[in-house]
Amino acid sequence: MFKINDNYLKLPGSYLFSTIGKKVAAFQEANPDKNIIRLGIGDVTQPLAPAIIEALHKSVDEMGKAETFRGYAPDLGYEFLRSTIAENDYKKRGADISADEIFVSDGAKSDSGNIGDIFSVDNKIAVCDPVYPVYVDTNAMAGRTGDYIADEQRWSNVIYMPCTAATNFAPELPKETPDIIYLCFPNNPTGSTINKAELQRWVDYANKVGAVIIYDAAYEAYVSEPDVPHTIYECEGARTCAIELRSFSKNAGFTGLRLGFTVIPKDLKSNGVMLHSLWARRHGTKFNGAPYIVQRAGEAVYSEAGRKQTAEQIAYYMNNAKVIREGLASAGYTVSGGVNAPYIWLKTPDNMTSWEFFDYLLEKANVVGTPGSGFGPSGEGYFRLTAFGSYENTVKAIDRIKAL
Ligand SMILES: Cc1ncc(COP(=O)(O)O)c(C=O)c1O
């Protein structure tokens, strides 16, 4: 008789966004005349930039001719894309990362989940609380998190690092020593960042205790302040303790196209074994590469026109972030984020729970956001709004909230 991976059975309830979806659908059905504005899910709305579309058309045509047709991509991704990434995202920022330390993938969600394959199930993970749920759930599926304690909304074998107003929504070094530390800056969901000196403390700590940092920099393109690092490899010593995850989803609108990459420096070793070799083996065995046309589209993001056009899109979203942040602040809300990230994190008024505020906002303002408690216990009493809507809808949503 076959057996299932019963770690899956330990996973709690329904997924946050499906619960939100059901509530919104029920409200819309009961109130068909209401115009609902969605500032909940972190998906982009602007179309792909012209330089990217041009690269897609060109590479599609190449695929239609015998002389330029491409089959399977190289295991690590095409050299043209990896060297462009190494040059623009790393060398230009003074970070010592070479093209053959970059593994092209179909995005940061799969990489953040799959990276666990190369680590023993005995490792203890540390995560921020609140957190992007994928890190915890994929470790739970692998059997690394112990049992779920429903009353406390936490796993028995995970180190939680609370990120609260008291810590400026950044984690503090944990008291118990972890083996694998997940960090995400700029942060989803809180929109917070840490400066280079603060990130250096994490790198020094990881090197000291022999931990590995999995650094999710999916929102790197939204960094606007000069002392906020764009990559963990700006920090000294990161090559021996950090893996970086990157995505084309939010910097260039590839959420539907799918492209990302993971960086594993060759100096990152466990008892002399290079994690780079293990990930190369894993990548070569379980993944057959991102499509050629998508990798060409990714290359176009770094062209002069691509950089200019994607920067304009980011500026558009960040203007929305400003509208939300300043609008809510003027209405008396306590808000953070939205400066180096497309997420605004607000304290719910009158001690409402996150879900009470969700219902209140949906019913009274017809605006959808995301309850902070869905990202972890320390998110209770908070709420996330995203800047990825249209400018018009963003303004309308904030006007409605201000009028409550
Ligand atoms: C922190 C974080 N990492 C990764 C992802 C997923 O990125 P991708 O679209 O590249 O899979 C998201 C998407 O919302 C995210 O918020």
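Backbone N, Cα and C atoms are what each Cβ position is placed from, and that goes for glycine too.
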**Given TrEMBL lists TYR72, ALA108, LYS109, TYR132, ASN188, TYR219, SER247, PHE248, SER249, ARG258 for pyridoxal 5'-phosphate, the same-site residue among ASN35, ASN157, ASN288** = ASN288
**Prompt:** For the recorded positions TYR15, TYR72, LYS250, ASN288, ARG384, which residues place their CB under 6 A from an atom of ligand 1?
**Reply:** none
**Asked** Expressed to the nearest Å, what is the distance separating ARG384 (substrate binding site) and LYS250 (N6-(pyridoxal phosphate)lysine) at their Cα atoms?
**Response** 17
**Request:** Let me know the model's mean pLDDT on the domain 'Aminotransferase class I/classII large' (35-401).
**Result:** 97
**Prompt:** The record names TYR72, ALA108, LYS109, TYR132, ASN188, TYR219, SER247, PHE248, SER249, ARG258, ASN288 as the residues that bind pyridoxal 5'-phosphate; what is their largest Cα to Cα distance in Å?
**Reply:** 34
**Item:** Rounded Cα-Cα span from SER249 (pyridoxal 5'-phosphate binding site) to ASN188 (substrate binding site), Å
**Value:** 14
**Message:** Measuring Cα to Cα, how many Å separate TYR132 (substrate binding site) from SER249 (pyridoxal 5'-phosphate binding site)?
**Reply:** 15
**Request:** Looking at substrate and its recorded binding residues TYR15, GLY42, LYS109, TYR132, ASN188, ASN288, ARG384, figure out the farthest C-alpha pair and report it in angstrom, whole number.
**Result:** 36
